[in-house]
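Worksheet: one structure, shown below.
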Amino acid sequence: KVWERCALARKLKELGMDGYRGVSLANWMCLTKWESDYNTDATNYNPSSESTDYGIFQINSRYWCNNGKTPHAVNGCGINCNVLLEDDITKAVQCAKRVVRDPQGVRAWVAWKNHCEGHDVEQYVEGCDL
């Protein structure tokens, strides 16, 4: 499912992401825009680590979910990676919250560092009537 921007912003807010671990809703929206373009079906394979990034948050199979084939996988969220591709993003949000609780925080996401950190991110929630 490709989410419409404001619909996703409302859903993330409803699921408690605005201000979670100090990360504003606008920053989460920027992150999901650049990681997946708001697409829950997005997957990207990383040959160097033989891992795959899944879903709207592009959560990685080396550390956070189990896909049955990533070497030395940890499964920090305790879920099957396919769960991260569901239209219902509740479990993906729970896992993203787990990721951001680590010391790295939101900096775990390369796209956030490259496209959101130090940028004006308000455009990602602009006009959404939140």
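Note: Cβ is positioned from N, Cα and C throughout, glycine not excepted.
Listed features, source Swiss-Prot:
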DOMAIN    1-130  domain 'C-type lysozyme'
DISULFID  C6-C128  disulfide bond
DISULFID  C30-C116  disulfide bond
ACT_SITE  E35  active site
ACT_SITE  D53  active site
DISULFID  C65-C81  disulfide bond
DISULFID  C77-C95  disulfide bond
Here are the disulfide-bonded residues: C65, C81, C128. Which has the lowest count of other Cβ atoms within 10 Å?
C128
Residue among recorded positions E35, D53, C81, C95 with Cα closest to the Cα of C128 (disulfide bond):
E35
What does DSSP call D53 (active site) in the simple three-state scheme?
strand
Distance [Cα-Cα, Å, rounded] between C116 (disulfide bond) and C65 (disulfide bond):
25
I want to verify one value. Collapsing DSSP to three states, which class is C128 (disulfide bond)?
coil
Disulfide-bonded residues listed as C6, C30, C95, least Cβ neighbours within 10 Å:
C6
Between C6 (disulfide bond) and C65 (disulfide bond), find the distance joining the two CA atoms and give it rounded to the nearest Å.
28
Near C77 (disulfide bond) in space, meaning Cα within 10 angstroms, which of the recorded positions do we find among C30, E35, D53, C65?
C65
Work through the recorded positions one by one (C30, E35, D53) and name whichever has its CA nearest to the CA of C81 (disulfide bond).
D53
To the nearest whole angstrom, what is the C-alpha distance linking C95 (disulfide bond) and C30 (disulfide bond)?
18
